[in-house]
Amino acid sequence: MSNEKMRNADGGTGGARTVTSLNVQVRSVKRNERKDKESGQRPGERHCFYGHCRKATNVAVKFNADKGRCWKESHFEVTLIADTGSLLKRYTRNLVDEGNGKFNLIILCWGEGHGTAIHDHADAHCFMKVLQGTLTEVRFSWPDANKMPHNHDDNGNDQKVLEEMSRAELELNEVAYINDSIGLHRVENLSNINPAVSLHLYCPPYSNCHVFNELTGQSTLTKVTFWSKFGEKRDKEIQSSRDPEDN
Ligand SMILES: N[C@@H](CS(=O)O)C(=O)O
Ligand SMILES: [Fe+2]
(Lines of atoms letter the chains of each structure in order from A and count residues from 1; the text may use other names and numbers.)
(Lines give C-alpha, C1' and ligand atoms only; values in the text may rest on other atoms or scores of the structure.)
(Ligands and ions follow the chains in the order given, each with its own letter.)
Protein backbone atom coordinates (compact mmCIF):
# COMPACT_ATOMS: atom_id res chain seq x y z
CA MET A 1 0.00 0.00 0.00
CA SER A 2 2.67 2.49 1.00
CA ASN A 3 4.22 2.22 -2.45
CA GLU A 4 1.10 3.53 -4.04
CA LYS A 5 0.53 6.20 -1.44
CA MET A 6 2.33 9.48 -1.16
CA ARG A 7 2.16 12.62 0.84
CA ASN A 8 1.94 16.02 -0.78
CA ALA A 9 3.62 19.06 0.62
CA ASP A 10 0.76 21.47 0.24
CA GLY A 11 -2.99 21.27 -0.09
CA GLY A 12 -5.80 21.47 2.37
CA THR A 13 -9.48 22.05 2.52
CA GLY A 14 -11.71 24.86 3.51
CA GLY A 15 -14.59 22.79 4.79
CA ALA A 16 -16.80 20.05 3.48
CA ARG A 17 -18.45 22.15 0.82
CA THR A 18 -15.66 23.89 -1.05
CA VAL A 19 -12.30 22.65 -2.23
CA THR A 20 -9.86 25.46 -1.62
CA SER A 21 -6.55 23.85 -2.35
CA LEU A 22 -5.54 20.80 -4.29
CA ASN A 23 -2.29 19.43 -5.53
CA VAL A 24 -2.25 15.84 -6.69
CA GLN A 25 0.72 14.20 -8.28
CA VAL A 26 0.89 10.53 -9.09
CA ARG A 27 4.50 9.55 -9.44
CA SER A 28 3.86 5.84 -9.58
CA VAL A 29 2.38 5.95 -13.06
CA LYS A 30 5.36 4.32 -14.71
CA ARG A 31 5.27 1.43 -12.28
CA ASN A 32 1.55 1.05 -12.80
CA GLU A 33 1.99 1.13 -16.56
CA ARG A 34 4.52 -1.64 -16.26
CA LYS A 35 2.16 -3.64 -14.09
CA ASP A 36 -0.57 -3.17 -16.65
CA LYS A 37 1.65 -4.44 -19.41
CA GLU A 38 2.66 -7.44 -17.36
CA SER A 39 -0.93 -8.28 -16.65
CA GLY A 40 -1.92 -7.59 -20.22
CA GLN A 41 -4.46 -4.95 -19.23
CA ARG A 42 -5.33 -2.15 -21.62
CA PRO A 43 -2.36 -2.51 -23.94
CA GLY A 44 -1.15 0.77 -25.35
CA GLU A 45 -2.98 2.91 -22.85
CA ARG A 46 -1.08 5.08 -20.45
CA HIS A 47 -2.58 7.39 -17.97
CA CYS A 48 -1.25 10.10 -15.82
CA PHE A 49 -2.99 12.64 -13.72
CA TYR A 50 -2.28 15.63 -11.66
CA GLY A 51 -4.33 18.50 -10.44
CA HIS A 52 -3.42 21.90 -9.18
CA CYS A 53 -5.71 24.40 -7.59
CA ARG A 54 -5.16 27.89 -8.88
CA LYS A 55 -7.56 29.59 -6.54
CA ALA A 56 -10.44 28.65 -4.32
CA THR A 57 -12.99 26.41 -6.07
CA ASN A 58 -10.99 26.28 -9.34
CA VAL A 59 -9.17 23.06 -10.08
CA ALA A 60 -7.09 22.56 -13.19
CA VAL A 61 -6.41 19.01 -14.20
CA LYS A 62 -3.97 18.02 -16.86
CA PHE A 63 -4.70 14.62 -18.12
CA ASN A 64 -2.73 12.52 -20.50
CA ALA A 65 -4.80 9.88 -22.20
CA ASP A 66 -2.74 9.45 -25.36
CA LYS A 67 0.49 7.63 -24.68
CA GLY A 68 2.21 10.49 -22.93
CA ARG A 69 2.20 12.88 -25.83
CA CYS A 70 -0.79 15.09 -25.94
CA TRP A 71 -1.73 16.97 -22.81
CA LYS A 72 -5.19 18.28 -22.47
CA GLU A 73 -6.03 20.92 -19.94
CA SER A 74 -9.43 21.50 -18.46
CA HIS A 75 -10.67 23.81 -15.77
CA PHE A 76 -13.32 22.84 -13.34
CA GLU A 77 -15.50 24.73 -10.97
CA VAL A 78 -15.62 22.44 -7.97
CA THR A 79 -18.56 23.27 -5.83
CA LEU A 80 -19.65 20.67 -3.37
CA ILE A 81 -23.33 20.78 -2.85
CA ALA A 82 -23.30 17.42 -1.17
CA ASP A 83 -24.21 17.19 2.45
CA THR A 84 -21.88 14.96 4.43
CA GLY A 85 -24.10 15.16 7.50
CA SER A 86 -25.75 12.37 9.33
CA LEU A 87 -29.10 12.78 7.57
CA LEU A 88 -27.74 10.92 4.56
CA LYS A 89 -27.26 7.22 5.15
CA ARG A 90 -24.35 6.78 2.81
CA TYR A 91 -21.56 8.66 1.15
CA THR A 92 -22.39 10.75 -1.88
CA ARG A 93 -20.72 10.62 -5.30
CA ASN A 94 -20.56 13.99 -7.03
CA LEU A 95 -19.47 14.20 -10.65
CA VAL A 96 -17.21 17.18 -11.33
CA ASP A 97 -16.08 16.47 -14.90
CA GLU A 98 -16.48 13.77 -17.54
CA GLY A 99 -13.14 14.48 -19.22
CA ASN A 100 -14.61 14.32 -22.72
CA GLY A 101 -15.44 10.71 -22.09
CA LYS A 102 -11.84 9.83 -21.15
CA PHE A 103 -12.17 9.98 -17.37
CA ASN A 104 -14.51 10.85 -14.52
CA LEU A 105 -13.46 13.28 -11.82
CA ILE A 106 -15.64 12.76 -8.78
CA ILE A 107 -15.82 14.17 -5.28
CA LEU A 108 -17.00 11.79 -2.59
CA CYS A 109 -18.44 13.11 0.66
CA TRP A 110 -18.41 10.73 3.58
CA GLY A 111 -20.50 11.21 6.68
CA GLU A 112 -19.42 9.74 9.99
CA GLY A 113 -19.26 5.95 9.67
CA HIS A 114 -20.02 5.90 5.94
CA GLY A 115 -18.26 3.28 3.84
CA THR A 116 -18.38 1.28 0.65
CA ALA A 117 -19.03 -2.39 0.07
CA ILE A 118 -16.05 -4.43 -1.14
CA HIS A 119 -15.86 -3.65 -4.84
CA ASP A 120 -13.80 -3.75 -8.01
CA HIS A 121 -13.22 -0.86 -10.41
CA ALA A 122 -14.47 -2.21 -13.74
CA ASP A 123 -10.98 -2.48 -15.18
CA ALA A 124 -10.35 1.26 -14.70
CA HIS A 125 -7.49 3.09 -13.05
CA CYS A 126 -8.56 4.72 -9.79
CA PHE A 127 -6.68 7.58 -8.16
CA MET A 128 -7.98 9.08 -4.95
CA LYS A 129 -6.86 11.90 -2.69
CA VAL A 130 -8.17 12.76 0.76
CA LEU A 131 -9.27 16.39 0.86
CA GLN A 132 -10.69 16.32 4.37
CA GLY A 133 -10.72 13.88 7.26
CA THR A 134 -9.25 10.38 7.27
CA LEU A 135 -10.33 7.35 5.25
CA THR A 136 -9.46 3.72 5.83
CA GLU A 137 -8.79 1.50 2.84
CA VAL A 138 -8.91 -2.29 3.25
CA ARG A 139 -7.70 -4.32 0.29
CA PHE A 140 -8.86 -7.84 -0.50
CA SER A 141 -7.72 -10.50 -2.93
CA TRP A 142 -10.05 -11.52 -5.71
CA PRO A 143 -12.13 -14.54 -4.70
CA ASP A 144 -10.32 -17.77 -5.44
CA ALA A 145 -11.92 -20.87 -4.04
CA ASN A 146 -8.53 -22.58 -3.68
CA LYS A 147 -6.90 -19.81 -1.68
CA MET A 148 -9.67 -18.17 0.32
CA PRO A 149 -9.33 -18.49 4.11
CA HIS A 150 -11.90 -20.66 5.88
CA ASN A 151 -14.36 -19.49 8.48
CA HIS A 152 -17.48 -20.87 10.15
CA ASP A 153 -20.89 -19.33 9.71
CA ASP A 154 -23.47 -19.02 12.53
CA ASN A 155 -24.51 -22.63 12.02
CA GLY A 156 -20.95 -23.89 12.22
CA ASN A 157 -20.77 -24.53 8.49
CA ASP A 158 -17.42 -24.10 6.80
CA GLN A 159 -17.24 -21.10 4.49
CA LYS A 160 -14.54 -19.36 2.54
CA VAL A 161 -14.13 -15.65 3.12
CA LEU A 162 -12.40 -12.96 1.09
CA GLU A 163 -8.77 -12.61 2.09
CA GLU A 164 -7.70 -9.25 3.51
CA MET A 165 -4.39 -8.17 1.96
CA SER A 166 -3.73 -4.84 3.62
CA ARG A 167 -5.26 -2.04 5.65
CA ALA A 168 -4.16 1.58 5.52
CA GLU A 169 -5.27 4.92 6.86
CA LEU A 170 -5.34 7.65 4.27
CA GLU A 171 -4.90 11.00 5.91
CA LEU A 172 -5.33 14.54 4.67
CA ASN A 173 -3.70 15.04 1.26
CA GLU A 174 -2.62 11.43 0.89
CA VAL A 175 -3.10 9.79 -2.49
CA ALA A 176 -3.84 6.15 -3.24
CA TYR A 177 -4.11 4.16 -6.44
CA ILE A 178 -5.86 0.90 -7.22
CA ASN A 179 -6.88 -1.09 -10.24
CA ASP A 180 -8.31 -4.56 -10.65
CA SER A 181 -4.91 -6.17 -11.08
CA ILE A 182 -4.03 -5.01 -7.54
CA GLY A 183 -7.24 -6.33 -6.00
CA LEU A 184 -10.54 -5.25 -4.47
CA HIS A 185 -11.09 -2.76 -1.71
CA ARG A 186 -13.45 -1.25 0.81
CA VAL A 187 -13.09 2.40 1.84
CA GLU A 188 -14.60 3.77 5.05
CA ASN A 189 -14.73 6.89 7.15
CA LEU A 190 -14.38 5.26 10.55
CA SER A 191 -14.67 8.51 12.47
CA ASN A 192 -17.72 8.99 14.68
CA ILE A 193 -17.32 12.74 14.75
CA ASN A 194 -15.67 13.94 11.54
CA PRO A 195 -16.91 13.82 7.96
CA ALA A 196 -14.44 13.19 5.14
CA VAL A 197 -14.09 14.34 1.53
CA SER A 198 -12.07 12.71 -1.24
CA LEU A 199 -11.30 13.39 -4.87
CA HIS A 200 -11.38 10.43 -7.29
CA LEU A 201 -10.28 10.07 -10.86
CA TYR A 202 -11.45 7.02 -12.80
CA CYS A 203 -10.01 6.27 -16.20
CA PRO A 204 -11.74 5.15 -18.29
CA PRO A 205 -15.04 6.15 -16.69
CA TYR A 206 -17.35 3.31 -15.77
CA SER A 207 -21.01 2.97 -14.90
CA ASN A 208 -21.06 -0.55 -13.44
CA CYS A 209 -18.83 -2.40 -11.05
CA HIS A 210 -19.05 -5.54 -8.90
CA VAL A 211 -19.68 -5.61 -5.18
CA PHE A 212 -18.55 -8.64 -3.20
CA ASN A 213 -19.88 -10.43 -0.17
CA GLU A 214 -16.97 -10.69 2.25
CA LEU A 215 -18.25 -13.94 3.74
CA THR A 216 -18.76 -15.86 0.51
CA GLY A 217 -16.86 -13.98 -2.20
CA GLN A 218 -20.02 -13.85 -4.30
CA SER A 219 -20.26 -10.82 -6.54
CA THR A 220 -23.13 -8.74 -7.89
CA LEU A 221 -23.00 -6.33 -10.82
CA THR A 222 -24.02 -2.89 -9.61
CA LYS A 223 -24.77 0.40 -11.32
CA VAL A 224 -22.89 3.39 -9.96
CA THR A 225 -24.81 6.65 -9.64
CA PHE A 226 -24.19 10.27 -8.80
CA TRP A 227 -25.78 12.28 -6.04
CA SER A 228 -24.96 15.44 -8.01
CA LYS A 229 -23.57 16.23 -11.44
CA PHE A 230 -21.71 19.45 -12.19
CA GLY A 231 -23.02 21.03 -9.00
CA GLU A 232 -26.67 20.10 -9.65
CA LYS A 233 -28.40 17.64 -7.39
CA ARG A 234 -29.80 14.63 -9.27
CA ASP A 235 -33.34 13.26 -9.09
CA LYS A 236 -34.26 11.33 -5.96
CA GLU A 237 -35.21 8.36 -8.12
CA ILE A 238 -31.73 8.19 -9.66
CA GLN A 239 -30.02 8.63 -6.33
CA SER A 240 -31.95 5.83 -4.71
CA SER A 241 -30.92 3.18 -7.21
CA ARG A 242 -28.41 0.64 -5.98
CA ASP A 243 -24.84 1.93 -5.55
CA PRO A 244 -21.53 0.20 -4.84
CA GLU A 245 -21.84 1.32 -1.27
CA ASP A 246 -24.93 -0.85 -0.79
CA ASN A 247 -24.08 -4.13 0.79
N1 LIG B 1 -14.73 3.42 -5.82
C2 LIG B 1 -15.75 3.94 -4.93
C3 LIG B 1 -15.22 4.83 -3.88
S4 LIG B 1 -13.89 4.24 -3.05
O5 LIG B 1 -13.26 5.16 -2.22
O6 LIG B 1 -13.71 2.97 -3.04
C7 LIG B 1 -16.79 4.71 -5.70
O8 LIG B 1 -16.47 5.21 -6.76
O9 LIG B 1 -17.91 4.86 -5.22
FE1 LIG C 1 -13.16 2.10 -4.86
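Glycine is treated like the rest: Cβ placed from N, Cα and C.
Features reported for this protein in TrEMBL:
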REGION    1-43  region 'Disordered'
COMPBIAS  30-43  compositional bias 'Basic and acidic residues'
BINDING   His119, His121, His185  Fe cation binding site
Chain-internal residues near His185 (Fe cation binding site), provided their CB is under 8 angstroms and they sit 6+ positions away: Thr116, Ile118, His119, Glu137, Val138, Arg139, Phe140, Ile178
Cβ neighbours within the same chain of His121 (Fe cation binding site) - under 8 Å, at least six residues apart: Ile178, Asn179, Asp180, Tyr202, Tyr206, Cys209
Other C-beta atoms that fall within 10 angstroms of the C-beta of His119 (Fe cation binding site): 22
